[in-house]
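Working notes for the structure below.
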Amino acid sequence: MPVTDFDVKEKYRYLNGFDCYHESEAVPNALPIGQNSPQKPPLGLYAEKLSGTAFTAPRHENKQTWLYRILPSCSHPPFTAVADKTYGHATTNGNGATPSTKFDDSSTAPAKLHYIPNQLRWDPFNLPSDQKTDFISGLHLISGAGDPTLKQGLGIYIYTANLSMPDTSAYYSADGDMLIVPQEGALDIRTEFGWLLVRPMEIAVIPRGVKYQVRLVDSSCPVRGYALELYQGHFVLPELGPIGSNGLANARDFQAPAACFSEDFGSTGFEGKTKYTITCKFNNSLFQTTQPHTPFDVVAWHGNYYPYKYDLGRFNTIGSISFDHPDPSIFTVLSAPSDHVGTAIADFVIFPPRWLVGEDTFRPPWYHRNTMSEFMGLIKGDYDAKKAGKGGFVPGGASLHNVMAGHGPDAGSYEGAREAELKPVKVGGGSCAFMFESCLMMGVTDWGLRECEVVQEGYSEHSWGGVKVYWTGVPGEKGGKERTGHLL
């Protein structure tokens, strides 16, 4: 069934379609007709343009939205750097959360990252227990490359939380678009554009500059997940080529929020009874301001630059029906292209339930060395090329195989696939692994290497130390002989 049966049922309505020009009104006639910025917009609203690309970007790349709101976003006191220099805002926004990620680990400058060729794998990242942690204070940079000031590269994060962000708070990143992949626990995300309910087996993308607030659907259960912040460009659907006009992630299955707003303000932008804390991520540093009016006051909007979500259960998986395992690029959901055709700054790839029918074929992914970096996570279930259990690849954990680091099935998975009966079989039932793949060499933070305390120190030996030698030798000759056929 190409739709996920979620435990948490949907409660919002959405606008359907990827990269569409949408419009939404929470109040009828809030949108002006035939123009964007009339002298007096309807209902006494302010017109505000949100640009996700340069004004003169080509039409097929141009991203912008017009917001019609009660007060403009510029109406706030100056931002100041977060005083305790931690990657969390909680000490100043009144929710009692404790910041946990050190400021130095939030930088993707080369001096702050460790570039190592070793394969890395992590056990499930620890959920917060007694320590109060919201989405921002529980956001940890684990790996990255590039520089947000140059709008180049990406950052990969792990998030954990046991506390909703306060009703009087909002967060936005000036550094890039954030792709959120929940692994445990559903998120209720309020954005300037409206609400998104995002559950495990769904993803959400929050564009650069859009303010949002992350709440826990079940306050009694901590949440955990993965995120990728894209410093350059925006995500697109991959080209389908000879696949044809449909397949993989279909455009109609992406959902954008319907307009929804609150009324909490004074007579001017600097007057009002309620104080709202706005946290901004700017060059991987946090800044804050407090304003006396809600940031969630957009009554209507129209444009093609907006948050969206997608149900991974709707992905139309493509595979071989003859022989050999295809390249994993056939499982790409979203892609962020570089300036070199066919090479991505970031691809988001999933490995959902699928049928394997290849004849005389080693069916799991083959052994591989790659010019691309591969960061993998597991949302649920077991991955067919890696064993689960203690020291294995399990939900809530991750792995990183950097540029040209050899990787592939562990010894046990190889033996099982080598001897398997090659009848049609469905793999991955109840499972979904994913990959963030990038053309960039990824550095790892101190938090990722040490402070998270879940690195599998014996990963390489555990996975490949038991790989057997099956070499039969040259027929009719004794082993150990130096081959000389290459000599003149």
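For all residues, glycine too, the Cβ spot is worked out from N, Cα and C.
Copied over from TrEMBL:
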type     : residues               : note
DOMAIN   : 13-312                 : domain 'Homogentisate 1,2-dioxygenase N-terminal'
DOMAIN   : 314-468                : domain 'Homogentisate 1,2-dioxygenase C-terminal'
ACT_SITE : HIS325                 : active site, proton acceptor
BINDING  : HIS368, GLU374, HIS407 : Fe cation binding site
BINDING  : TYR383, HIS407         : homogentisate binding site
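Taking the features listed in TrEMBL, we show where each one sits on the structure.
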residue: HIS325; record: active site, proton acceptor; Cβ within 10 Å: 17
residue: HIS368; record: Fe cation binding site; Cβ within 10 Å: 15
residue: GLU374; record: Fe cation binding site; Cβ within 10 Å: 22
residue: TYR383; record: homogentisate binding site; Cβ within 10 Å: 26
residue: HIS407; record: Fe cation binding site; Cβ within 10 Å: 23
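A distance of 14 Å separates the Cα atom of HIS407 (Fe cation binding site) from that of TYR383 (homogentisate binding site). For the pair formed by TYR383 (homogentisate binding site) and GLU374 (Fe cation binding site), distance between Cα atoms is given as 15 Å, rounded to the nearest Å. Here the Cα atom of HIS368 (Fe cation binding site) is found 12 Å from that of HIS325 (active site, proton acceptor). Cα separation, the residue listed as 'active site, proton acceptor' to GLU374 (Fe cation binding site), rounded: 18 Å. Mean per-residue pLDDT, taken over the domain 'Homogentisate 1,2-dioxygenase C-terminal' (314-468), amounts to 93.
The Fe cation site is defined by HIS368, GLU374, HIS407, and by the 8 Å test on Cβ atoms against their centroid, the other residues of the chain that qualify are PRO365, ARG369, ASN370, HIS401, ALA405, GLY406, GLY408.
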